[in-house]
Amino acid sequence: MTPQARAQAAIDILDQVIASAREDGPPADGLVQAYFRTRRYAGSKDRRAVRELVFRAIRASAEMPAHGRQALLAVEDARPLFDGSPHAPTPPAEGEAGVSGDSVAVPGWLVPELSPLVGAEEWASLVERAPLDLRVNVAQATRGELADEFAEAVPTSLSPWGLRLPPDQRVSDHPAFADGRVEVQDEGSQLVALACLPAAGQRIVDLCAGAGGKALALSAATGNEAELIACDTSRDRLSRLGPRAERAGARISTLLLDGGREAEQLAPLAASADVVLVDAPCSGSGTWRRNPEGRWRLTPERLERLTALQRHVLELAVPLVRPGGALVYAVCSLLAREGEEQAAAFLSRHSAWQAQDDVMSAGRSAGPGRLLTPAHDGCDGFFVARFTAPC
Ligand SMILES: C[S@@+](CC[C@H](N)C(=O)[O-])C[C@H]1O[C@@H](n2cnc3c(N)ncnc32)[C@H](O)[C@@H]1O
C-alpha cells in the first residue's frame, strides 16, 4: 500500500471508530483487526502503519470528529497525504481542518468534572502512549526470575509485582505468559489489588470482577491460599476468567449476577467477607492512554448512569463485609464525581464505617481516598478508597 492508500484506510477505520463510539460498539483496536481480516493484500508493515495513524488521529482530538477524514486531518504530518493521487484522500478544501477544541486531551465538557488534582499541566499525559506492564504471578515465580526472561523489562517503582516494557510489545506468545507466570496488567491495577491487603485464609469477594484481572492478582498475592469469589453481571467477561485462572494455577469461584437480583444472589455471603473489592464500572478516564476513543464514548447521560451504578454496587457490597472487614472501592477514573465525591457520599450514608487514609503510599490524597494519575505516578489513573466496617 502507498502511504496515501494507508491514509485512506485509516480514514475508513476512523469512520467505524466514530460510529462505534456513538453506538457503544466494539473498541478501536478490534475494528482495526476486523478491517484487515478481509484485506489480505495488506502486509504487516501496512497494518502497523495504518494502526499507528488511526491511534494518532484518535489521540489528536479530544472532541469527537464528525467523520474519519476530519479525525485524520488533526494529524499535522498526515495532511500532505491528502493529495488526490490514486487511492489517496482528496485534498483538503479551503479551511477544512481537524476538529478544534481548547485541549487535544480532555473534552471541554469534562474539564469541570476532573479531580482538582488533575491540573492542565497533566492533561497531555492522559493520552500519551502507555508502556506495557506485566504482573509477575508471585505464586509461581519471583520478579527477578522473570526480569531475566524479558530483555527490556524494568521493575515498576510502585508495585513490587510489576515489570515495565516499552509500548506495543507483544507478549501473548512468550512462554512465561503461556504458562501463567506473568499477566498483562497496568501498575495502577496492581496497586488496587495491593490496597486490598490480601492474605492467605481470607474470603475475598471481587464484586465487579470482569475477566478477573484483579481477582488473579489477589489470588497470587496469597499464594492461592485465599477463597476468591469473582462476581459480575457480564457472562462474557466472567467466562474469560476460567482459562486465565487455569493458566495461573489459581482457584477462583465465579458467580454470575442478574442485574436487579444481585442482593438475593449474594445473600449467602452475608457478613462473611474479609475484603470486598468494588472495582466499579466507570468512565475509564484514567485509561485514555490505552483507550483514547473512550473520550468520544462518554456523554453526560452515560456519566450519570455510571455514577448511579457505582452507588448501587457499593450498596451491594456493604452487607457482604464481616464486622471489622474492609470494602475497597476503585474506579479507573479521574473524575471527582466517580472518585472522591462518590466515596464521600458513601461515608455520609454509612457513618459507622471508617476510611483508611493509609490505603496506599502511592498517589495523592483525594477526599477519603487516593488518586493515581499518569503524570504523577506513571500508571493508569485510579481513585482508590478503603473503608473498614464497624466491629
Ligand atoms: C471496571 S470493570 C471490572 C474490571 C475487573 N475488575 C478487572 O480487574 O479486570 C467493571 C465491571 O463491573 C461489572 N458490573 C456492572 N454492573 C454490575 C453489577 N450490578 N454487579 C456486578 N458487576 C457489575 C461490569 O460488567 C464490568 O465487568
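For all residues, glycine too, the Cβ spot is worked out from N, Cα and C.
Within Asp186, Asp279, the residue that TrEMBL lists together with Asp232, Asp258 for binding S-adenosyl-L-methionine is Asp279.
From the options 82-101, 162-181, the stretch TrEMBL describes as region 'Disordered' is 82-101.
Here the candidates are the binding-site residues Asp232, Asp258, Asp279, and by Cα distance the one nearest Cys332 (active site, nucleophile) turns out to be Asp279. Max Cα-Cα distance over the annotated S-adenosyl-L-methionine binders (Asp232, Asp258, Asp279) is 18 Å. Its Cβ taken as reference, Asp232 (S-adenosyl-L-methionine binding site) is surrounded by 24 other Cβ atoms within 10 Å in the chains shown. The least crowded of the binding-site residues Asp258, Asp279, judged by other CB atoms within 10 A of its own CB, is Asp258.
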